[in-house]
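Visitor: Sharing a structure here in structure tokens format.
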Amino acid sequence: MTHQTHAYHMVNPSPWPLTGAFSALLLTSGLVMWFHYNSITLLTLGLLTNILTMYQWWRDVIREGTYQGHHTPIVQKGLRYGMILFIVSEVFFFAGFFWAFYHSSLVPTHDLGGCWPPTGISPLNPLEVPLLNTSVLLASGVSITWAHHSLMEGKRNHMNQALLITIMLGLYFTILQASEYFETSFSISDGIYGSTFFMATGFHGLHVIIGSTFLIVCLLRQLKFHFTSKHHFGFEAAAWYWHFVDVVWLFLYVSIYWWGS
């Protein structure tokens, strides 16, 4: 490798963007095949190639940042800006769902019976499973903060315990959300209420699954002594993402579950 006189990371040629694009093609084509022809062959192949690409790409990034020293302070600064912009883009994603919900609920049309929830819809009780889900996510926000402080203070065992608790709470939230979906009396095809409810809460649920995966990777890296109090952007990004998921859920709970019911 040629000598460089700057602190920026010049990425080496990698096949993973190509395999990632190919897996995205397989995933979208597989979804079409599944929806229209009830065949999951392409979808399964797309999921496998996507998982393989993610694993190998992340492995390369971890090796470059942890063992080869490519993630200098100026590179970490750029990564932080990138993560902030990514979270901002996600905020606007959810803003679209909230806009659709409030646009439909504040001035319900005659087609909906002139009321909200629409005639024939039995909304979920916000004081049952949704309130438990809120408590679970708020507790996970506390535990991820505990993990961060433990890392900064060099308390490895506390960090491991707090991170494991956060992951377990995230998985528990996902199970509760799935059980709630099975108990609803309406579906995503039941007009604007069903579509906005399942789209907003389902998209948030997907983010919880992604965040839980992110934290599991961080726990495995922590067990391999990858993080120090000075060099831990991977965990920091996961913590930011998890707090974002917490805040979005609070807005979902107040808007869709409590006020919308």
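Yeah, the Cβs are placed from backbone N, Cα and C, and that goes for glycine too.
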Visitor: Hey, in Swiss-Prot do S14 and I192 share a topological domain, i.e. the same side of the membrane?
Guide: no
Visitor: By DSSP assignment, list the helix, strand and coil residue numbers for the topological domain 'Mitochondrial intermembrane' (34-38), in that order.
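Guide: Computed counts for the topological domain 'Mitochondrial intermembrane' (34-38) are 4 helix, 0 strand, 1 coil.
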Visitor: Suppose I define contact as three or more CB-CB distances under 8 A, residues 6 or more apart in sequence; do the transmembrane segment (78-99) and the transmembrane segment (233-255) meet it?
Guide: yes
Visitor: Of the listed stretches 39-62, 130-150, 157-178, which one has the most C-beta pairs under 8 A with the transmembrane segment (233-255)?
Guide: 130-150
Visitor: What parts of the chain pack near the topological domain 'Mitochondrial intermembrane' (179-198), using Cβ distances under 8 Å and only residues at least 6 beyond its ends?
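Guide: Sequence-distant neighbours of the topological domain 'Mitochondrial intermembrane' (179-198): 97, 100-101, 104, 112, 116-118, 121-124, 129-130, 133, 256, 260.
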Visitor: Taking the transmembrane segment (157-178) as the reference, which of 39-62, 130-150, 199-224 gives the largest number of Cβ pairs under 8 angstroms?
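Guide: Result: 130-150.
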